[in-house]
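Chemist: Take this structure first; my questions come after.
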Amino acid sequence: MYTVLYLILILTTGQIRFRQIILTAVAATTDTASNELVKSRIENGRFINSFNSQYKLPHLGLVFIWKITSQGNTRLPSNKKELDKMLPVIRHKKSEELYLTKLGLRFIWIGHASCFVQMNSFRFLVDPVFSERCGIASFIGPKRFRPPALIINDLPDDLDAILISHNHFDHLDYSSVKELNKRYGERLTWFCGRGTRQWFLDKHVKNVVELDWWEEYHFSKKKVNIAFCPAQHWSGRTAFDTNKSLWGGHAVWDATHKFYFAGDTGYTHNISIFRQIGEKYGPFNLSAIPIGNYEPQWIKQAHHVSPDEAVQIHIDVQSKKSIGIHWGTWGLGNEYFMEPPVKLSKAVKINQLDPSSFIVVKHGEIFDLP
């Protein structure tokens, strides 16, 4: 039944993303006092959110009915000039403009979850997707309403690594992987969760490091450490590989700076995974935390955070400065497309935080920290 509904959703909507909206969870009641690090676990050949036994599938029939009967609320302008005014995209004509020439952190939001980061001399991308659509093919899936702020030819020649959070199409794109591999080959090191490496090998990407939650890798060439961190989400690219690979975020640190990329995640209200991340790897100088694609809540809440929950992650992981991502690129959620930064600002104020501690930036805007 689930496979049939899965295929119906794809054929009816033409949007692969909606075949992904199949998970939800009731409020968890797990003991918050435990200091033991959560572990990944496989049951019946598939990864599960081991720390939340109540994470479960909703009724796919209800998801299907909602999709074909609900009215869209994104209210995207049809006029490009209006979009350019509301969500400008800053382009950089020369790759030299991307270089941070002094010690520190540089962050550029490419769009959605795709970011360029430089930590001192270590340059890397997270979840790079440069394609027009995020789907199983170039003509299927949601279409961008904002172009990527950087394209592959804009990137510096000495890019070191790419960090992948999970294998959903808006985070792992075959065309982008193919073009990046064509340009850089084995000069790039790819990092991903357990069960994902074989996908890369099948696509002729050879230099791939597969990590479990809390597993660390020392990138000796740049004296940088990379760890894969737990998240509450799921994985899958077809009707048959759901949760066959592990999802998560990344912590990256060297002798002077720490960066956290949350990937795609729901907030674990009564479970301490983000506090565990903060205690083990924080405090972070900078974090990239999702703030969009959270409506409708009854479908999205288990595996995507609202701006209010994003602020709680910011607090839990002990982030000194955070930037909101996972919004303003594809209309994947049903919230008004400019709502996430407004709600973020309110949540920061409600939590009595410094307004500059958690912000959004323009596509392509260069954000530096010493």
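Every residue gets a Cβ built from N, Cα and C, even glycine.
Per TrEMBL, the features are:
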type: BINDING; residues: His166, His168, His233, Asp264; note: Zn(2+) 1 binding site
type: BINDING; residues: Asp170, His171, Asp264, His326; note: Zn(2+) 2 binding site
type: DOMAIN; residues: 123-327; note: domain 'Metallo-beta-lactamase'
type: SIGNAL; residues: 1-18; note: signal peptide
Chemist: Using Cα coordinates, what distance in whole Å links His168 (Zn(2+) 1 binding site) and His326 (Zn(2+) 2 binding site)?
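Modeler: Roughly 13 Å, rounded to the nearest whole number.
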Chemist: How many other Cβ atoms sit within 10 Å of the Cβ of Asp170 (Zn(2+) 2 binding site)?
Modeler: 26
Chemist: Cβ within 8 Å of the Zn(2+) 2 site's Cβ centroid: which residues qualify beyond Asp170, His171, Asp264, His326?
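Modeler: Those within range, site residues removed, are His112, Ala113, Asp127, Ser165, His166, His168, Gly263, Pro290, Asn293.
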Chemist: Around His171 (Zn(2+) 2 binding site), which residues of its chain at least 6 apart sit with Cβ under 8 Å of its Cβ?
Modeler: Ala113, Asp127, Val129, Ile164, Ser165, Gly263, Asp264
Chemist: Same chain only, sequence gap of 6 or more: which residues have a CB within under 8 Å of the CB of His233 (Zn(2+) 1 binding site)?
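Modeler: Long-range Cβ contacts: Asn49, His166, Trp247, Gly248, Gly263, Asp264, Thr265, Gly266, His303.
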Chemist: Using an 8 Å cut-off from the Cβ centroid of His166, His168, His233, Asp264, can you name the remaining same-chain residues around the Zn(2+) 1 site, in sequence order?
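Modeler: Apart from the listed residues, the neighbours are Ser165, Asn167, His171, Ala231, Trp234, Ser235, Trp247, Gly263, Thr265, His303.
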Chemist: Among the binding-site residues His166, His168, His326, point out the residue whose Cβ has the most other Cβ atoms within 10 Å, with all shown protein chains included in the count.
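Modeler: When each Cβ's neighbours within 10 Å are tallied, His326 leads.
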Chemist: Can you tell me how many other Cβ atoms are located within 10 Å of the Cβ belonging to Asp264 (Zn(2+) 1 binding site)?
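Modeler: A 10 Å sphere around the Cβ of Asp264 (Zn(2+) 1 binding site) contains 26 other Cβ atoms.
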